[in-house]
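Enquirer: Sharing a structure below in structure tokens format, with a few things to ask.
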Amino acid sequence: MSASLDRLERKLGYTFKNQDQMLLALTHRSYAGRNNERLEFLGDAILNFVVGEALFERFPQAREGQLSRLRARLVKGETLARLARGFDLGDYLRLGSGELKSGGFRRESILADALEALIGAIYQDADMQTARERILAWLTDEFDGLTLVDTNKDPKTRLQEFLQSRACELPRYEVVDIQGEPHCRTFFVECEVVLLNKKSRGQGVSRRIAEQVAAAAALIALGVENGND
């Protein structure tokens, strides 16, 4: 194993028995041959479970929607990319020449995906408990800074954070109708989310309120919230 990968292992706090697993986790799809997408898929599932389980234990009084919002914040691409930068992960990625020239080693989505792939690789190389220990160790500061007060955000913010955690496009809001007299108007808004086949709708005495109602409806349609949170 090269000295550089040895340094990365020290930063991660884990030494791979199978070096090929580590290399595969660091291989972007732009690189020739096999890539890290399958390991990323596995790592994403493990990450969501481990974080969800930890939140369930840490906040016994939290409602489902609150737990979902906290988890979305911890597993979103921005958080994972920040951790990856702390490991200097971009220095170890295997990228195709085009991606390399365009600065792919700094791109948030590539860094976040690679970290998820490393989680999947650690699970494959060791076991679930080892993967859990690494995830919780990496996220110690993030967990320590969490409170249920953090979940008191408006629906538009919660929807945006959820979509960002899934590396999805941000929602689009459109005023489709305005009814009533100028002093007593009702705004009708549609919210388009790429994960939903149908636009969610909201109405209110202002555009802002109508957008919040539409965002809340989208969160329910996505299964993130149940309407009672």
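Cβ coordinates are placed from backbone N, Cα and C, and glycine is handled just like the others.
So Swiss-Prot lists these for the protein:
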ACT_SITE  ASP44  active site
ACT_SITE  GLU116  active site
BINDING   GLU40, ASP113, GLU116  Mg(2+) binding site
DOMAIN    5-127  domain 'RNase III'
DOMAIN    154-224  domain 'DRBM'
Enquirer: By DSSP, how many residues in the domain 'DRBM' (154-224) are helix, how many strand, and how many coil?
Expert: 26 helix, 20 strand, 25 coil
Enquirer: With an 8 Å cut-off on Cβ distance to the GLU40, ASP113, GLU116 Cβ center, who else from the chain surrounds the Mg(2+) site?
Expert: ASN36, GLU37, LEU39, PHE41, GLY43, ASP44, ALA112, ALA114, LEU115, ALA117, GLY120
Enquirer: Let me know how many other Cβ atoms fall within 10 Å of the Cβ of GLU116 (active site).
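Expert: GLU116 (active site) is surrounded by 26 other Cβ atoms within 10 Å.
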Enquirer: Report the same-chain neighbours of ASP44 (active site): residues 6+ apart in sequence with Cβ closer than 8 Å to its Cβ, ordered by sequence.
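Expert: Spatial neighbours, sequence-distant, of ASP44 (active site): VAL75, GLU116, GLY120.
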Enquirer: I'd like to know which of these binding-site residues, GLU40, ASP113, is least surrounded, judged by other CB atoms within 10 A.
Expert: GLU40
Enquirer: For GLU116 (active site), what is the secondary structure state per DSSP, taken as helix, strand or coil?
Expert: helix
Enquirer: Averaged across the domain 'DRBM' (154-224), what pLDDT does the model get? Just tell me the whole number, please.
Expert: 92
Enquirer: With DSSP helix as H/G/I and strand as E/B, how many residues of the domain 'RNase III' (5-127) fall in helix, strand and coil?
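Expert: Breakdown, helix to coil: 89 helix, 2 strand, 32 coil.
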